[in-house]
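Summarising the annotation, TrEMBL assigns transmembrane segment to B:6-29, B:36-55, B:61-82, B:94-115, B:135-160, B:188-210, B:222-251, B:263-282.
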Amino acid sequence: MLEISGLSAAYGQLTAIRDISLTVESGGILAVIGANGAGKSTLLKTIAGQLKATTGSIRFDGADVTALSTHERARRGIVLVPEGRRLFGSLTVHENLQIALSAKRSGVWSLESVYELFPLVAERRRRRAGDLSGGEQQATAIARALIANPAVLLLDEVSLGLAPAIVGQLYDRLPLILEQGTAILLVEQDVAQARRVSDEVHCLLQGRTSLAGKDLDLADISRAYFGAEATA
Amino acid sequence: MSIVNAVIQGILLGGLYALFAAGLSLMFGVMRLVNLAHGAFAVLAAYGALLIVRTGALNPIAALLIIVPAMAVLGFVVQRFILQRTLGTSPLPALLVTFGLSIIIENTLLLTVTADQQRLNLGSFDTAAIALPGGIRIGAFPLAVFVFALVVLALLSLVLSRTQYGRLVRAVSDDPGTVQLNGADPKLIYGFAAAIAFGLVAVAGVASGVQTSFSPSSGSLFLIFAFEAVIIGGLGSLWGTMLGAVVLGIAQTVGAAIAPAQQILIGHLVFLVFLAFLPGGITRQKALR
Ligand SMILES: Nc1ncnc2c1ncn2[C@@H]1O[C@H](COP(=O)(O)OP(=O)(O)OP(=O)(O)O)[C@@H](O)[C@H]1O
Ligand SMILES: [Mg+2]
């Protein structure tokens, strides 16, 4: 459903990802792993349209979306939960969720069903998003993205800066999201966490694919993750 | 003129200044753009009304029904095709471009309608007044402008707090990039904000043209009054802007009672006092309300 081929992107002169190809099936899940600076966030930003692709293409539901702007992609169902959550700090939690109604997509996710999925977010709905704890913010960010009824949900490091117990709770929600037919492309530094939710992983190393596949051997993964020299 | 009377006249004048300032405040709050052509667009609207009135078909108030929508459309177009291109990390391009626009408008008016002072007439409504005890007279037109300003700001603040467009405006002023991730186009949000701002400044320009005379070069004074009201009130707050406008109005009318002919100077001095001792304005809040 989401097909990426030969994708590269750059910040000015600095090419951050090079020749990445991957596919996410409808209703499927894929975890992208890699060390700090490997280009994981860059990949998601390019798919969401925040960064222009320098080469390659992004096809979605059979259409080429490489040239579309970010909000047009969101309206087609490619929705990113960005690194660092990026809630609207001066708006309430409820208002943050309502913003995503602007994607004008219908589906199973509504304010009610999302609050049901994240009771903690429902409890905090009247609070200013800027006053939430990190875990509450991350849950709100995912909830907001779901309101847009994504066909594919892009999750950038859900675990960033959160206690393991909270991370566990958030990851527990993912199967319920997948169940509703939403595909997930997630980025994670924690290999064990990534493998728990997804059989298939895609490993980046310095902007390139170093390994990709299903049910991979842990030794192979760590070599691809850190680079050959590091383990030799 | 008694002090009480001067204060009352100042409050009413504040209503007019609030109409000038609200659009400036809104555009700054939404897209961090300082529109130096704000006053020039008010003058343009006043001349537009004058043109319509001269055809003999409508009075200045009825002319608003044409001028306000026309200015709103102009605002949308100017934002989408000119101002949008100046937005970025540096405020300088927007300042230069809007300054340029103000010069273009002023000079075009000078060439086409001459530098003569003009005035919009409402006939008997111009001089109608409500007499209060103590010799205080409240002009019907200034009172109407004040009430209109209150109603419009209340409506605008309701739109900002309750509607999806209002939420988008506040969200985009927090983080435009993330608004896009949620499927909304910041450019469109900016365009509508400019339309509202231009519609408001059109009313202000016409109302001012009824209350005092204007010429092609009146824009800079309108701009300064709007700026002063916004800064006194506190950036980004609509009610703060209303309050700032009233403070400026009172400063001018009380100033005129004390030292006739120095009212504008005294207004500036009060503004400077606020800038020196309360630089955040009366209401200091970061978020748009
Ligand atoms: N806004 C930016 N401007 C310039 N260079 C950037 C920018 N963002 C990222 N980079 C560079 O691009 C490369 C990839 O960064 P990216 O953020 O995609 O890594 P990441 O895999 O997400 O890392 P992390 O796990 O730390 O989030 C890095 O070398 C980084 O320094
Ligand atoms: Mg990252």
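Using N, Cα and C of the backbone, Cβ positions are placed for all residues, glycine too.
The recorded stretches the transmembrane segment (B:94-115) and the transmembrane segment (B:36-55) share 3+ CB pairs below 8 A when only pairs 6 or more apart in sequence are counted, and are therefore in contact.
With a threshold of 8 Å between CB atoms, the same-chain residues lying at least 6 positions outside the transmembrane segment (B:188-210) that come near it are 16, 19-20, 22-24, 26-27, 30-31, 35, 38, 41-46, 48-50, 60, 63-64, 67-76, 78-80, 83-84, 87, 118-122, 126, 141, 145, 148, 152, 156, 165, 168-169, 172, 179, 218, 222. Counting Cβ pairs under 8 Å to the transmembrane segment (B:6-29), the stretch among B:36-55, B:61-82, B:135-160, B:222-251, B:263-282 with the most such contacts is B:222-251.
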